[in-house]
Amino acid sequence: MKLIIASNNAHKITEIEALLASISIDLPVVSLQEIGDVPEIVEDGTTFEENAVKKVETIAKVAPNDYILADDSGMSVDALNGEPGVYSARYAGDHDDQANIDKVLQKLAKVPNEQRTAHFNSVIALHSPKGSNLIVNGQVDGYITESERGQDGFGYDPIFFVPSMNKTFAEMSASEKNTISHRGLALQELGKKLPVWLKGE
């Protein structure tokens, strides 16, 4: 029995593995690439939760005896009526971080700083071999900067500013980001709920 991370995103897998290490999941962790032939996951849900559940249940069809963890996450900008939301990864087309950043900055070009509020959300679904799902979520609030700042991270990290840290995600170390990020908060919540959930399994 193992824990499969239902993602091909190397950055996301590295981040999740680091966070899983902190909550002591006693299972070997593998990525989708390591389990071979998997069906295509169509992320056509209208919410992060729908997409996360769709990922774990799709992979469960080919790995019914394993635990499967999937995250669906994205950034919602208030001045853009919640965009990019569930379309965060493909906001400007096919998974192009720079194009996505450029599109957000362009759309916010005339929006004053105080109205550039945004939120990063992560919903994590953990699917058990018995077919039940544990759902947790995390949210971090911030602002969209007027230009990119920082060299680390991925996705929208260079333009997502967190006031409590006085930095963008891309200006933070991995450990700083993992402590306060949406995915980090969701995994911390998973760590709290997991022991009780596993007893019920």
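Any Cβ shown, glycine's included, is placed from N, Cα and C.
What Swiss-Prot says about this one:
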- Asp72: active site, proton acceptor (ACT_SITE)
- Ser7, Asn8, Asn9, Ala10, His11, Lys12, Ser73, Phe154, Gly155, Tyr156, Asp157, Lys177, His182, Arg183: substrate binding site (BINDING)
- Asp72: Mg(2+) binding site (BINDING)
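Overlay of Swiss-Prot feature records on the structure.
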| residue | record | DSSP (3 states) |
| --- | --- | --- |
| Ser7 | substrate binding site | coil |
| Asp72 | active site, proton acceptor | strand |
| Gly155 | substrate binding site | coil |
| His182 | substrate binding site | helix |
Inter-residue C-alpha distance, Gly155 (substrate binding site) and Asp72 (active site, proton acceptor) (nearest angstrom): 13
Extent of the substrate binding site in Å [max Cα distance among Ser7, Asn8, Asn9, Ala10, His11, Lys12, Ser73, Phe154, Gly155, Tyr156, Asp157, Lys177, His182, Arg183]: 21
Rounded Cα-Cα span from Asp72 (active site, proton acceptor) to His11 (substrate binding site), Å: 14
Most Cβ neighbours inside 10 Å, all chains, among the binding-site residues Ser7, Asn9, Ser73: Ser73
Inter-residue Cα distance where the pair is the residue listed as 'active site, proton acceptor' and His182 (substrate binding site), in Å: 11
All-chain count of other Cβ atoms within 10 Å of His11 (substrate binding site): 13
Neighbour tally for Asp157 (substrate binding site), based on other Cβ positions within 10 Å of its Cβ: 24
Alpha-carbon distance [Asp72 (active site, proton acceptor); Asp157 (substrate binding site)] in Å: 16
Fewest other Cβ within 10 angstroms of its own Cβ, chosen from the recorded positions Asp72, Gly155: Gly155
Spatial separation of the residue listed as 'active site, proton acceptor' from Asn9 (substrate binding site) - C-alpha basis, Å: 12
